[in-house]
Amino acid sequence: MSWQAYVDDHLMCDIEGHEDHRLTAAAIVGHDGSVWAQSATFPQFKPEEMNGIMTDFNEPGHLAPTGLHLGGTKYMVIQGEAGAVIRGKKGSGGITIKKTGQALVFGIYEEPVTPGQCNMVVERLGDYLLEQGM
């Protein structure tokens with residue numbers, strides 16, 4: 001399966017039990033910031049934004065004072081799982097980022113999608129990739 005198929009079929013899909021509820025944008029990005037696959041709606045990000053995200057995975061709490069920035073959008077960092085998941089909130093939407101051995105799985109959402117639904121979609125794919133040694 002291509003990386004694009006993972007984004008299209010497992011991240012940008014209808015959320016279980018909620019037809020027409022899907023993430024706003026999604027991507028799979030290597031730890032080095034190289035995009036493996038992304039939705040057409042995923043924001044263009046700056047290298048320093050990706051560096052900040054990677055630093056927060058290695059030093060949990062790094063982004064808390066300044067917020068998480070992606071594509072020029074600032075998210076308030078909320079509770080995640082140290083070294084494994086970063087979650088952010090902005091207005092009625094937010095972001096979930098799951099770290100795997102080689103990649104970061106991104107999901108961005110807006111209402112009516114809930115934070116929990118975004119977490120489920122992103123973390124399920126991230127856990128699968130971890131099981132596959134990715």
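Even glycines carry a Cβ here, placed using N, Cα and C.
Database features, via Swiss-Prot:
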{"type": "DISULFID", "residues": "CYS13-CYS118", "note": "disulfide bond"}
{"type": "MOD_RES", "residues": "THR114", "note": "phosphothreonine"}
{"type": "MOTIF", "residues": "84-100", "note": "motif 'Involved in PIP2 interaction'"}
Cβ contacts under 8 Å made by the motif 'Involved in PIP2 interaction' (84-100) with residues that lie 6+ beyond its boundaries: 24, 53, 56-57, 63, 67-68, 70, 73-78, 106-111, 113, 115, 118-119, 122-123, 125-127, 129-130, 134
Model confidence over the motif 'Involved in PIP2 interaction' (84-100), averaged pLDDT: 98
Least buried by Cβ count (within 10 Å) of the disulfide-bonded residues CYS13, CYS118: CYS13
All-chain count of other Cβ atoms within 10 Å of the residue listed as 'phosphothreonine': 14
Whole-number Å value for how far THR114 (phosphothreonine) lies from CYS13 (disulfide bond) (Cα to Cα): 15
Tally of residues which DSSP labels helix, strand or coil - the motif 'Involved in PIP2 interaction' (84-100): 0 helix, 13 strand, 4 coil
